[in-house]
There are 2 protein chains.
Amino acid sequence: MKNSINIGLLGFGTIGTGVVRVLQKNADVIQQRLGAPVQLLKIADLDITTDRGVQVAPAILTTNVEEVISHPDIDLVIELIGGYEPAKSFLLKAIANGKHVVTANKALMAVHGQEIIAAANQAGVSVMFEAAVGGGIPVISPIKESLGANRFSSVLGILNGTCNYILTKMTDHGSEFAAVLKEAQQLGYAEADPTFDIEGVDTAHKIALLSSLCFGTRVDFNQVYIEGISNIDAVDISFAKQMGYKIKLLAIGKNHGDQIEVRVHPTMIPAEDQLAEVDGVFNAVRLTGDFVGPTLLYGSGAGMDPTASAVMGDVMAIGRDILCGARLRVPIMGCCEEAVQSLPIQPMSEIISHYYLHFKSLDRPGVLARIAGCLGDHHISIQSMIQPERHEADCVPIVLMTHAAKEADVVKALKEIEAFDITCQNPRLIRVEHDLG
Amino acid sequence: MKNSINIGLLGFGTIGTGVVRVLQKNADVIQQRLGAPVQLLKIADLDITTDRGVQVAPAILTTNVEEVISHPDIDLVIELIGGYEPAKSFLLKAIANGKHVVTANKALMAVHGQEIIAAANQAGVSVMFEAAVGGGIPVISPIKESLGANRFSSVLGILNGTCNYILTKMTDHGSEFAAVLKEAQQLGYAEADPTFDIEGVDTAHKIALLSSLCFGTRVDFNQVYIEGISNIDAVDISFAKQMGYKIKLLAIGKNHGDQIEVRVHPTMIPAEDQLAEVDGVFNAVRLTGDFVGPTLLYGSGAGMDPTASAVMGDVMAIGRDILCGARLRVPIMGCCEEAVQSLPIQPMSEIISHYYLHFKSLDRPGVLARIAGCLGDHHISIQSMIQPERHEADCVPIVLMTHAAKEADVVKALKEIEAFDITCQNPRLIRVEHDLG
């Protein structure tokens with residue numbers, strides 16, 4: 001019987017440092033729970049000289065990835081490099097060498113998951129990625145295991161701390177996007193190049209993975225609708241508030257049986273919903289299963305320590321398998337490969353939603369009638385309307401909330417209204433979600 | 001290799017019916033995730049004639065428990081009888097027969113857990129009890145697995161749907177306890193004999209289990225402080241609201257390293273805290289680990305379907321072990337037996353808390369000075385005071401919030417104040433928790 005679990009680390013950045021910290025600080029707890037110590041044999045990084053604030057024996061540091069992924073004594077490789085390449089090549093090589101893999105790489109798993117899973121199944125090794133979604137919050141394991149007897153109808157999430165921090169600040173202080181982004185960058189809550197976060201790509205990677213896990217289907221990432229928060233205006237946040245809503249970058253996965261919805265966009269949700277109260281850099285996931293009902297999992301969605309916690313949870317799960325001789329105990333995506341479906345993603349044009357529409361028109365009599373008429377022609381009925389006081393020069397805002405309507409109809413109507421001679425500015429649309437699980 | 005997981009059921013009540021329902025309705029999902037079907041071979045109950053609204057082949061029903069626990073083909077026994085006996089004897093017999101066990105029985109696990117765990121470890125079988133705490137919410141597995149690398153400083157919970165329903169109704173409508181209890185009984189949210197729920201015993205069973213799991217220690221259930229909600233007065237809920245608090249039956253587990261706190265009592269918590277917003281029959285658990293930070297798990301804490309979901313999650317976990325030949329993969333209480341500690345529970349007299357104190361005194365000059373003086377003599381300082389308008393005959397209420405004080409000092413002071421000639425009614429005390437993880 002093995003008397004330790006031997007691991008190697010690829011990438012000694014923030015999360016890698018967190019993993020070293022937890023291994024050192026909680027070695028006793030980990031061993032007591034696992035039944036054997038976890039030994040970190042090698043760390044590979046291009047930079048092995050910078051002081052990360054943790055003590056590491058110089059001999060375990062290397063710039064040569066091969067020393068990790070081909071190390072004869074290493075059972076498990078933790079990949080914390082991020083991005084597609086060279087992370088993918090390293091992972092595949094580690095797998096081919098019979099190493100189990102734990103990764104926090106959502107981009108890689110969401111886009112190249114199939115290839116990695118196929119390689120792992122062939123090699124008989126595990127790939128786990130709890131840290132890829134929701135930081136330290138246990139989400140992936142509960143879907144695959146504790147809640148595994150459920151048919152999930154939806155999975156909704158606030159999955160990006162940067163976006164949620166920015167939207168929270170905009171909501172609380174009425175600030176504009178650009179100013180808050182700058183502040184977030186200064187505080188370290190947003191990257192120097194924040195595109196992946198603020199344009200919703202990171203969130204989309206995560207909801208693609210969650211949808212795949214919950215609904216037992218492959219998700220073609222290219223079919224996921226992605227809209228970020230960079231066009232959100234303080235005034236829309238304020239109008240939303242007046243109407244009893246908050247704007248969140250909501251990740252939405254829904255299962256309609258023959259097709260699924262997987263989409264990410266700024267979304268107005270009722271202010272009293274728990275998801276609306278997830279503020280700042282926190283994350284939350286609401287899973288709705290046919291037996292368990294709605295279940296909310298909430299916590300720190302990012303950061304060195306919470307992410308290291310999730311990585312180590314996976315290391316311990318695989319460690320337990322190693323210690324008791326189990327192989328491929330839980331399928332990588334929670335569902336046996338032969339049962340995984342390939343459900344199509346519903347095109348955005350077909351989704352049914354409520355819509356918040358913000359028009360700016362010349363202040364003429366009959367404006368509302370023309371807009372409402374056009375919407376009506378496209379089978380869109382109005383649920384409520386506010387005509388705020390704010391005027392800019394000759395333009396007046398008109399804010400409408402629609403009843404459930406088809407996206408294609410809304411797009412068509414807005415195109416027509418855009419062309420009206422009374423329209424001062426292209427209408428703004430924010431989807432409204434009431435069906436929150 | 002085994003091609004099915006064969007189970008037997010003890011107890012065909014509400015949750016048992018839920019288990020049959022999920023096995024029938026989601027047989028495909030369960031098989032796709034597990035890799036083999038789950039077959040229900042036998043159900044034992046004293047009553048095998050009542051129609052439970054589910055179709056069951058008559059041949060699998062029996063009144064003879066032996067036909068389940070000694071069935072040669074049954075791998076796993078689900079115990080849903082509840083209570084101490086005969087559930088305990090049946091469980092021990094099943095274990096002795098080499099059957100794995102899944103149970104929803106918190107009372108049994110909290111009070112007789114040691115004996116059951118010892119028997120299971122000796123027999124080399126698993127005992128799982130996710131359904132015992134928080135209904136369908138994944139709580140126990142995350143503590144043992146995904147969050148297993150953390151040192152937990154606290155675990156807090158709203159763990160009893162009956163109490164939370166009653167307190168929510170009292171808060172929302174200003175109603176008195178007895179009236180709401182009656183209503184809850186009519187709606188099926190409270191048992192005909194609600195003692196175990198409303199006196200906090202059920203909650204105490206659950207927090208004893210959670211504390212044991214989080215802190216890696218045995219918990220002597222007899223040392224757990226338990227105070228229920230039957231003495232909570234509508235007026236105290238209303239004063240709490242004025243001061244920015246809600247009253248919840250909070251289960252508290254804290255780890256001080258050399259000793260732990262495990263207690264259940266009505267608790268005032270800040271109204272803006274997420275736990276204060278857990279309403280009605282919902283449950284929530286907040287775990288705080290040194291790496292993951294505060295993590296909230298929220299969902300349906302009881303009921304046929306959510307509980308069946310949790311039971312089946314455990315069945316599938318053990319099923320996976322069986323299918324890949326793993327034994328005792330995860331220690332029953334999350335920590336290897338030889339590492340389990342026996343930390344003492346801090347006596348209530350030593351705990352440090354803030355206190356809400358409600359006095360009723362004759363309307364005389366100097367009353368407040370006498371009360372404040374007595375508190376001061378016992379090292380208790382006052383944080384805020386309200387003297388509400390409500391008068392009853394000659395008596396006036398005085399409501400104080402203290403700074404952090406020692407329980408023993410508060411008890412002594414209250415005893416002295418009780419004896420004052422101006423005191424109309426024994427003072428009421430509600431602990432206030434700000435340190436919510």
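Don't overthink the numbers, they just go from 1 along the chain as shown.
Backbone N, Cα and C define each Cβ position, glycine as well.
Just so you know, TrEMBL annotations never went through curation; they're auto-generated.
Within 10 Å of the Cβ of A:K206 (active site, proton donor) there are 27 other Cβ atoms, across all protein chains. Among the features that TrEMBL reports, active site, proton donor is placed at A:K206.
If you look up TrEMBL, you'll see A:L10, A:G11, A:F12, A:G13, A:T14, A:I15, A:G16, A:T17 marked as NADP(+) binding site. Long-range neighbours of A:T14 (NADP(+) binding site) (same chain, six or more residues apart, CB within less than 8 Å of its CB): A:M304.
Counting only residues at least six positions away in the same chain, the Cβ atoms of A:F129, A:A132, A:V133, A:D202, A:H205, A:K206, A:L209 sit under 8 Å from the Cβ of A:K106 (NADPH binding site). Feature annotation from TrEMBL assigns NADPH binding site to A:K106.
Summarising the environment of A:E191 (L-homoserine binding site), the number of other Cβ atoms within 10 Å of its Cβ, over all protein chains shown, is 13. Annotation comment: TrEMBL describes A:E191 as L-homoserine binding site.
Feature annotation from TrEMBL assigns domain 'ACT' to A:356-431.
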Under 8 Å by Cβ from A:I15 (NADP(+) binding site), counting only residues of that chain that are 6 or more apart: A:L80, A:A104, A:A131, A:M304, A:T307, A:A308, A:V311
Cβ-based neighbourhood (8 Å from the centroid) of the NADP(+) site, residues A:L10, A:G11, A:F12, A:G13, A:T14, A:I15, A:G16, A:T17 excluded: A:L9, A:G18, A:V19, A:D45, A:L80
Cα-Cα distance linking A:E191 (L-homoserine binding site) and A:F12 (NADP(+) binding site), given in Å to the nearest integer: 18
Other CB atoms, at most 10 A from the CB of A:T17 (NADP(+) binding site): 22
Cα proximity to A:E191 (L-homoserine binding site), best match among binding-site residues A:L10, A:G11, A:G13, A:T17: A:G13
Cβ packing number for A:L10 (NADP(+) binding site), 10 Å threshold: 24
Fewest other Cβ within 10 angstroms of its own Cβ, chosen from the binding-site residues A:G11, A:G13, A:G16: A:G13
DSSP residue counts for the domain 'ACT' (A:356-431), split into helix, strand and coil: 23 helix, 32 strand, 21 coil
